[in-house]
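Novice: Next up is a structure, given as structure tokens.
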Amino acid sequence: MTQHNTTHRRKHHLSICLLLVLFCQSYVVGQGQCSENEYWNDQGFCCDKCHAGFKLIQKCPALGQRSVCKKCDAGTYSEKANFYRNCFKCTSCKKPNMVTVSNCTVTSNSTCKCNDGYYMKKLTTSTLECRLCKNCGPGQWKIGNCTGEDYNHCMCKDKHYSVKPNSCEPCVRCQEGCGFLCNSSKTLNTVRSPTTDTVSQIVVPVCSCIMAVAVGVFMLYEGIRLWRKRKRALSAQSSPHDPVSMTEVETMVVTDSPDSVMKHVPKPCETERASELPDCVPREIKVAEFIYFVLDEIPVARFKEVVRRLGISEQDIDRAERDNRAFKDAQYQMLKVWSDRGSGGGNNILPCHLIQLFIDTLGDMFLASCADSIENRFLS
């Protein structure tokens, strides 16, 4: 009875797995058949998107029927066809020293500009601020035009030196900032003491040694990382060899015949068929497992930089933050968008080349410890 129940459960599990595979295949095939103005419904068919200036209220209930959309509320907009649950918030131009160029409509955001003498500072995607342009003082040049989002800098004119943050005066003697008045026989207006010379003689070599060691360690780390990457690539390209049993023992039997014929007697393990040996199955890395591990490794302050380098648009970032109250859920959605685009979506398995791309991106950001943790966990 117990054996019968076990067999029944196995058949039930196999049936469920087969249905999941067929569902995933139909999802991927169906999703590719949707046009530009449609999106894939979870129920297995394409739905029409909402027009610009509208937001999605209810997905289409059946094939051939239309989605329920609603016009964006006042103060919000959507610029193109979409299936978002919410519209984007309009940018407010009601700030000091700011004027409205064009008002916000349901299909376009408002356009703002600053008054003369101010430049635009973008604080967030929908928050702007006008800041006062810098006025250069006497003896200074103005670098850059203070218009739009560009602001200007100030620097001393030729043959001038800085006396205050906003003031420069002409050079009259050899001093800092007036090197053209100094020659090889003159020194700056500072007196070197024997103690200062001794300290410099000690500090300079020590600093040089520290820098040399740091450069050496960095080059060694990069060399090891490249070697490991090349080794994995070569291992993936090489074809698997037939396993050789190290326990095979040949016995030699010597007969008493005059010819002393030696017979070879193989042990039973030598006759095993190679096809009966188990295959080497590569590890499948689940998308959710990878994302939650990554979220615990990457510093929160640098997370958005990571997803931007991976190609996630600002619109996807804003949508993730808008649709999720918890920041970790928003982070998960951003990485899920990246993994779906890289793997085609649907199978919930993350390819190794996407993991390697993620590790290389962290290396470019000098997050070596995070990259090593991810590499040791999923690629070692």
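Quick reminder: no glycine exception, Cβ is built from N, Cα and C everywhere.
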Novice: Cys87, Cys90, Cys93: which one closes the disulfide with Cys72 in TrEMBL?
Specialist: Cys87
Novice: Of the candidates Cys114, Cys146, Cys154, which does TrEMBL name as forming a disulfide with Cys133?
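Specialist: Recorded disulfide partner of Cys133 in TrEMBL: Cys146.
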Novice: With DSSP, how much of the domain 'TNFR-Cys' (71-112) is helix, how much strand and how much coil, in residues?
Specialist: 0 helix, 15 strand, 27 coil
Novice: How does the domain 'TNFR-Cys' (113-156) divide up by DSSP, counting helix, then strand, then coil residues?
Specialist: 0 helix, 23 strand, 21 coil
Novice: What is the total of other Cβ atoms whose distance to the Cβ of Cys146 (disulfide bond) is within 10 Å?
Specialist: 19
Novice: Specify the count of other C-beta atoms within 10 Å of the C-beta of Cys133 (disulfide bond).
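Specialist: Cys133 (disulfide bond) is surrounded by 19 other Cβ atoms within 10 Å.
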